[in-house]
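According to Swiss-Prot:
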TRANSMEM  70-93  transmembrane segment
TRANSMEM  156-179  transmembrane segment
TRANSMEM  195-219  transmembrane segment
TRANSMEM  291-309  transmembrane segment
TRANSMEM  346-369  transmembrane segment
TRANSMEM  385-411  transmembrane segment
TRANSMEM  433-455  transmembrane segment
TRANSMEM  531-549  transmembrane segment
BINDING   CYS573, CYS582  [4Fe-4S] cluster binding site
TRANSMEM  589-610  transmembrane segment
TRANSMEM  664-686  transmembrane segment
BINDING   HIS675  chlorophyll a' binding site
BINDING   MET683, TYR691  chlorophyll a binding site
BINDING   TRP692  phylloquinone binding site
TRANSMEM  724-744  transmembrane segment
Amino acid sequence: MTIRSPEPEVKIAVERDPVKTSFEKWAQPGHFSRTLAKGPSTTTWIWNLHADAHDFDSHTNDLEEISRKVFSAHFGQLAIIFIWLSGMYFHGARFSNHEAWLSDPTHVKPSAQVVWPIVGQEILNGDVGGGFQGIQITSGFFQIWRASGITSELQLYSTAIGGLIFAALMLFAGWFHYHKAAPKLTWFQDVESMLNHHLAGLLGLGSLSWAGHQVHVSLPINQLLDAGVDAKEIPLPHEFILNRDLMTQLYPSFAKGLTPFFTLNWSEYSDFSTFRGGLNPVTGGLWLTDTVHHHLAIAVLFLIAGHMYRTNWGIGHSLKEILEAHKGPFTGEGHKGLYEIFTTSWHAQLALNLAMLGSLTIVVAHHMYSMPPYPYLATDYGTQLSLFTHHMWIGGFLVVGAAAHAAIFMVRDYDPTTQYNNLLDRVLRHRDAIVSHLNWACIFLGFHSFGLYIHNDTMSALGRPQDMFSDTAIQLQPIFAQWVQNTHAVAPFSTAPNAAASTSLTWGGIDLVAVGGKVALLPIPLGTADFLVHHIHAFTIHVTVLILLKGVLFARSSRLIPDKANLGFRFPCDGPGRGGTCQVSAWDHVFLGLFWMYNAISVVIFHFSWKMQSDVWGSVSDQKIVTHITGGNFAQSSITINGWLRDFLWAQASQVIQSHGSSLSAYGLPFLGAHFVWAFSLMFLFSGRGYWQELIESIVWAHNKLKVAPAIQPRALSIVQGRAVGVAHYLLGGIATTWAFFLARIIAVG
């Protein structure tokens, strides 16, 4: 990879008109590659085109040009996101029962999709309440709109148009910053400036402006909605912003203006910026005054953080200095050399960001149900289940992506001559110890966690319930988890004396929040059943990590193939004549890691779905008696494999299997179709390239006989392509099957 010489003293961060705008190039598929630009001679061409179109490393060696392409592509990505968001808001304005839901969120179900009456498809439009027929949606948009103070279709239309304007701006920026004013490499490598702007601008000012919107628009509108005022009677957002008297009626401290702020009497503002904890009993969501406080605090933190790094003024932190000073007594050169890695390898940078973002997304999944941030989210069980499942899947994919790009970095960008005795080098040198120990941990966890279930199934089959691991026989209580729960539950009276309630009702206590006769949230008990399944979680996560980490650590070389780096990121085998060297490429480890990621996430979402239906979700009578959806059967049924199959998969699949002829057949058909897609994947995964090439050649012979031979020669998929198609359909089929199963079930019973 060529890295250009340093620029002269005067900083000119952009280059003018570096690449001319050419419609001819756009019209020529594969213009970025001499081989692909020639056009197809065999069917392999279309696969290579898709594989390489966005692999900018394969277009050029120039790091500056690669950086510009990535930068420009990001604007394209943002444009797509804005168009998607705009579409969501437009549907909410044009095809939804949003205003009916807003007036009665406990009885009306959200819908923003109406099926046209073609071949009888209108059966899919169920009665969602409020005199509306449509498909029930579980995306949570209605709840977000309620929280942000949107009360009318006009506001949704306006936001949708705004989204399209932003999308156009992004598309323009993507073109402008590649063709007209392209940043120089030094600009992409100026990490201190980037940190300052992203921390202070995106996160700091972003949070501050959201906090401002919440205070001046969301809070007053939500307070009036909570009090039962009709949405059409509520003043418009600009009236709250411009008319202080209007705000003073709801929040008296507004009469004092900014005086308390400058005199440091901040407690005066506690009518709209609170620290209450717990949930609003009217909506079942977090107190919006708490979330205002949260965003204000985040803004302060990040505005400070965005002024910590040294740029033109010679004060503040230098990242290179921080990294190079970061060494302990046993860690050799420590982080020396990492600065150069992260400023010259975007794969390394991306790997780090994906690992962080993936972990964060999974953290979000767990907070969405335990601290539901939007009004009426907690009692919309379909949305709760969808949001948890969605964020778990996304997090899983991002973490696997982190390993993929870490391995690409190792193969393409890692220079062993510059990395001596730093942490990366030391990790690579003792990789055998890491991988073999991790392998031992996986075997231990696998045998012991699964063994507990096998024991229970055997005892159950032999009619010996007294010898099973369960809450009523041999107890295996998760005492550490229970201790953590209890510590948080008692915090308001001990370690957090100013809080009115603990951070989440799930920790414990006696509180129960019910909205409209449905449980929003209550303390979640943990027992032997949770102890067992948590060890399955530990097992599947560790195996996923083992596969992915082995792929990264052995991406460049191994005892089996010392020169692996020369073979690239993805290759089928180490050439003919070397048996037993297939499926060792870094790409193959990502491929295998995806299957275990799928295993891991499946167990998590199954656990969540059943646990919530059994122990949390349900109806509440006037006498405060809770009736859970599956009547608390998780603790006794989920302790055997048979119980998972019988009382979860089979029992809860009845809704999707029996959905035909009703509006839920919107899930019944995809349930069948997704099973087919999943089964179809096995055809790619369980057969070799040679089989297909032989078959293709006899089919081509038949075409030749009939004088209808194609000009482009058919070729079987390469080994790697076949596995890619296989895993894509496996995951798509598996995820879509789970989606149909979950939603048909929860919409029917929730």
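Yeah, the Cβs are placed from backbone N, Cα and C, and that goes for glycine too.
Sorted by the number of other CB atoms within 10 A, the binding-site residues TYR691, TRP692 start with TYR691, the lowest. Each residue contributes its Cα atom, and for HIS675 (chlorophyll a' binding site) and CYS573 ([4Fe-4S] cluster binding site) those atoms are 31 Å apart.
For CYS573 ([4Fe-4S] cluster binding site), the same-chain residues lying six or more positions away in sequence with a CB closer than 8 A to its CB are THR581, CYS582, GLN583, VAL584, ILE719.
Tertiary neighbourhood of the transmembrane segment (70-93): same-chain residues 54, 56, 112-113, 139, 141-142, 145, 153-154, 156-157, 159-164, 166-168, 170-171, 173-175, 177-178, 183, 188, 346, selected by CB-CB distance under 8 Å and a gap of 6+ residues from either end. Each residue contributes its Cα atom, and for TRP692 (phylloquinone binding site) and MET683 (chlorophyll a binding site) these two points are 11 Å apart. In this chain, the transmembrane segment (291-309) lies out of contact with the transmembrane segment (346-369); the count of Cβ pairs under 8 Å, excluding pairs fewer than 6 apart in sequence, is fewer than 3.
Fewer than three CB pairs closer than 8 A are found between the transmembrane segment (385-411) and the transmembrane segment (664-686), and contact between the two stretches is not assigned (pairs 6 or more residues apart). Non-local neighbours of the transmembrane segment (291-309) in the same chain are 191-193, 195-201, 203-205, 207-208, 210-211, 214-215, 219, 272-275, 316-319, 373; each lies 6+ residues outside the stretch with a CB under 8 Å from one of its CB atoms.
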